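Asks: For reference, the structure I am asking about is given below.
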Amino acid sequence: MSLFLSYRVHGSRAWLRAAARFGLRSGAQADGYTRAQVSTSHISIAHASTAHGFVPWSPSCPSRGGLPTLALGKGSITSQLVGKLQRRSDCRTFFSRIIIDYIQLPLDYRDKKGLEFSRKDLTEQQVEKIFGHELDVVEANKLLRILHGRRVAGTLEDPYLAANTKRYTEEQMEKALAYLREAVWVPEIINAGLRAEDEIDEAEEAVREREKSQQEAKAKKKIPKAEKEAITEIEQLHMLRKRLEDETREVEEDEAEDKDEEAQAATKDKKAQDEPVYKPDPIYGPSKLDEIRARNVARRKALEKIKAEKESQAEAKAQATQKAEEKAKQVAQAQEKRNAKIAKYEKRAQSDLKEPPKMKMWERILPCATVLVLVLGFTAAVAAVYEEPGPAYRMIPDVSTAYATVGCIVLANVLVLLAWRVPQLWRFMNRWMIFVVATPRPVTLFTAIFSHQRLGHLAINMTVLSLVGPKLHDDIGRANFVALYLSSGSLGFLGALVVYTLKGMLNVTTMGASAAALGITAAYFWHHRLDGFKIMDLPPGDGVHGIIFLAIMMAMHIGSLQSWTQKKLDVVSHRAGMAAGVLAMVLLELGRRGLGSEAGSVVATKERRGGGGAFASMKQTA
């Protein structure tokens with residue numbers, strides 16, 4: 001396996017040439033098929049493979065022309081190459097943007113740029129899953145493109161290209177290679193072998209050209225002596241006549257092309273700078289070899305000029321990038337010096353964990369679920385025996401209990417928002433006021449309901465709570481309202497914990513009263529699901545039923561989890577909070593019906609003992 005991947009490391013060009021010829025040519029030539037024939041006659045290069053599960057158009061395509069089955073060794077590289085080519089011959093595929101074969105390598109491929117490894121770049125969540133917090137999205141995708149290009153070009157072990165990836169660690173490159181080898185299949189051994197063969201061919205071609213040029217130079221030195229002995233006067237006249245005709249034709253062409261004197265001068269200056277002036281020999285006339293040599297020299301100079309311009313542009317770009325990085329670093333250092341205390345508190349508030357602790361699924365979920373059941377059971381028991389105080393026992397008797405309860409909840413959320421503005425409290429807030437999926441603390445199921453870091457987030461949630469909360473409070477009472485608020489928020493976070501743990505999204509953190517506010521709203525509309533609602537006396541008639549508003553709320557939270565996560569919205573807790581609110585209201589309605597039927601039976605028994613009009617009273621009570 002290391003036959004072609006380590007050829008630059010060992011540095012033995014003779015050994016490489018023998019191995020490449022033996023591994024890639026001997027078996028194919030035995031049956032009359034070379035790599036050039038296979039690549040030009042039998043291979044469809046429109047292969048496709050992406051990192052997101054895209055597959056070729058046909059899993060197994062019958063060969064149109066038919067590659068013969070070569071009698072090769074089972075473990076030889078040639079057999080692997082021919083086997084891959086036979087399976088892929090004449091197969092038409094979609095999504096051919098991803099290049100995996102060496103023969104598909106584009107002419108403008110550069111190691112610094114790499115090749116596309118997927119239909120689209122990885123997202124921030126995918127990069128964190130592969131590399132953690134070591135690389136940002138741009139650098140990670142760039143590293144993956146470079147390594148994918150090296151896999152296709154067969155240069156994974158090329159030490160001359162290490163300068164393009166020197167800013168990445170070996171661990172990061174290993175992670176990137178592991179991801180690419182799992183997501184995009186590439187015949188790395190075959191590609192490395194083909195590249196080695198091409199390099200050998202290029203070296204041999206260079207040697208042949210050098211020998212040919214040496215032979216031509218030797219022959220040119222011998223020509224004058226032979227011509228002096230063999231050329232007659234007639235031949236000399238013919239040569240002079242031909243030379244004069246060529247010169248006349250060249251003059252006429254120059255006069256026809258150079259109509260404008262300024263353009264002619266500019267053209268001459270450009271030719272004088274870029275191309276060598278070819279002058280025919282005054283004795284022997286024009287030489288095709290000299291013309292070819294002059295054109296080659298001109299082409300080489302033009303390529304060198306283009307290369308120099310590209311290098312200067314790249315150098316200028318690198319200098320600009322370096323200056324920008326240095327400037328950003330200076331700004332960061334200046335800010336750190338200016339806010340040394342804030343930087344100290346920020347560092348103390350951060351966790352020392354570099355990755356989520358390895359825990360089983362039940363170890364993350366069961367403690368939080370147990371505490372949640374106990375707390376909600378306690379709140380339900382308190383709500384069952386709670387009686388609202390009379391005006392004499394209240395601090396502000398002029399304010400209704402509904403607005404007083406909702407106002408206290410809003411005040412608690414505002415105080416927590418202000419606490420987030422105090423750097424000395426950051427460590428405490430990060431530990432106890434955020435629900436973290438990687439390290440869940442049961443108490444944060446309830447404390448995170450009152451926690452907001454942004455004023456806009458707080459304003460939206462508290463506005464919804466202030467509009468709907470007092471109305472629901474009047475319907476079910478203070479104790480039931482508080483219990484429903486806590487249950488909606490905590491069950492929303494528990495649902496998020498279960499879903500994100502199952503999906504492996506352990507880097508998610510969440511907070512806010514969104515689940516609780518949506519749970520209160522969903523419970524209110526469920527309680528009034530058959531009642532009509534109007535806004536400014538619209539629509540006419542009975543209005544819109546509450547069940548319609550509840551359906552609209554549910555529809556607004558439809559969508560894939562990935563799309564909502566990219567928007568930084570915890571849609572899972574929203575859905576779970578609404579479901580918890582509806583379920584809690586259903587249980588309250590069932591409990592009230594049970595109490596109502598029990599009270600009705602007691603009244604009926606008393607009236608039956610009192611006389612004949614008792615039956616009608618019982619009917620009305622029921």
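Every residue gets a Cβ built from N, Cα and C, even glycine.
Automated prediction, rather than curation, is the source of TrEMBL annotations.
What TrEMBL lists as compositional bias 'Acidic residues' is 247-263. What TrEMBL lists as compositional bias 'Basic and acidic residues' is 267-278, 323-335. TrEMBL lists 365-386, 401-420, 432-449, 479-502, 508-526, 547-565 with the feature transmembrane segment. The annotation domain 'Peptidase S54 rhomboid' is assigned in TrEMBL to 443-587.
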Asks: Averaging the per-residue pLDDT over the domain 'Peptidase S54 rhomboid' (443-587), what integer do you get?
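Replies: Averaged over the domain 'Peptidase S54 rhomboid' (443-587), the predicted model reaches a pLDDT of 91.
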Asks: Just to be sure I understand, if DSSP states are collapsed into helix, strand and coil, how many residues of the domain 'Peptidase S54 rhomboid' (443-587) fall in each?
Replies: 103 helix, 8 strand, 34 coil
Asks: Are there residues at least six beyond either end of the transmembrane segment (401-420) with Cβ under 8 Å to its Cβ atoms? List them, or say none.
Replies: 388, 394, 426, 429, 433, 450-453, 455, 458, 461-462, 465-466, 469-471, 473-474, 478, 481-482, 485, 513
Asks: Can you work out which residues elsewhere in the same chain, 6+ from the ends of the transmembrane segment (479-502), have a Cβ less than 8 Å from its Cβ atoms?
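Replies: For the transmembrane segment (479-502), the list is 361, 364-365, 368-369, 372, 375-376, 379-380, 382-383, 386, 402, 405, 409, 435, 437, 440, 444-446, 448-449, 469, 472-473, 508, 510, 513-516, 518-520, 523, 561, 570, 572-581, 584-585, 588.
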